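One structure is given here, and the rest of the page talks about it.
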Amino acid sequence: MPTFRETLSCLCICTFVFILVVAVILWYLVYLDECTSQPCQHQSSCIANFYGYTCQCVEGYTGPTCSKDIDECASSPCNFGVCHDRINGYSCECSPGFTGSRCESDINECDSHPCRNGARCWDRINGYRCECQLGYEGTWCERQRKDKSEEFDRMAVVATYRFSVLCGTVLSG
């Protein structure tokens, strides 16, 4: 028959081994099993740790389980356009008259030389305006004027202006 001391020694060792086995089983169930349930979404990596797990999110996602899409449009990157959020990026749909990856450039419609007959082209947002030379009319100054009244009107304005200046000088002197 074992002595009391031997029984106590065996009891201590057996208790220690039992506690160790239970701890390993619990550790496995709690620590390793966290990642086997695949809590991380969108093909993100699950890393087991003492507290459970941590998800390493793939680009474009955030949050504890990588379930939240990062909104790249939140910073308003599209200057003159509408931003469309994508996974790990965005795209811009430019307003009419603008171009560029971020809709940052005004399209100069005068670059195509739409105005005719020496007219001056004024670029506008999503358009242009032609300033016709004397004797021409139309959207692109493409037609020669039939009557000359416009030329006479402009000449009358110049003559009136010169007359006023001369009179003003005479009267003030």
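Heads up, the Cβ atoms here are built off N, Cα and C, so glycines get one too.
Whatever TrEMBL says is automated annotation, not expert-curated.
For C57-C66, C73-C83, C94-C103, C132-C141, the entry in TrEMBL reads disulfide bond. Annotation comment: TrEMBL describes 31-67, 69-104, 106-142 as domain 'EGF-like'. Residues or ranges marked as transmembrane segment by TrEMBL: 7-30.
Features recorded in TrEMBL, as mapped to the structure shown.
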residue: C57; record: disulfide bond; Cβ within 10 Å: 20
residue: C66; record: disulfide bond; Cβ within 10 Å: 21
residue: C73; record: disulfide bond; Cβ within 10 Å: 17
residue: C83; record: disulfide bond; Cβ within 10 Å: 19
residue: C94; record: disulfide bond; Cβ within 10 Å: 19
residue: C103; record: disulfide bond; Cβ within 10 Å: 20
residue: C132; record: disulfide bond; Cβ within 10 Å: 21
residue: C141; record: disulfide bond; Cβ within 10 Å: 21
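Here the domain 'EGF-like' (106-142) is broken down by DSSP into helix, strand and coil counts: 4 helix, 13 strand, 20 coil. Taking the Cα of C103 (disulfide bond) as the reference point, the closest of the disulfide-bonded residues C66, C73, C141 is C73. C94 (disulfide bond) sits 30 Å from C141 (disulfide bond), counting Cα to Cα. Here the domain 'EGF-like' (31-67) has, by DSSP, the following mix of helix, strand and coil residues: 6 helix, 12 strand, 19 coil. Looking at the domain 'EGF-like' (69-104) alone, the prediction's average pLDDT is 96. If you measure from the Cα atom of C66 (disulfide bond) to that of C73 (disulfide bond), you get 18 Å.
In terms of C-alpha distance, the listed disulfide-bonded residues C73, C83, C132, C141 place C73 closest to C57 (disulfide bond). Annotation note: C103 (disulfide bond) sits in a coil segment as assigned by DSSP. A separation of roughly 44 Å, to the nearest angstrom, links the Cα atoms of C73 (disulfide bond) and C132 (disulfide bond).
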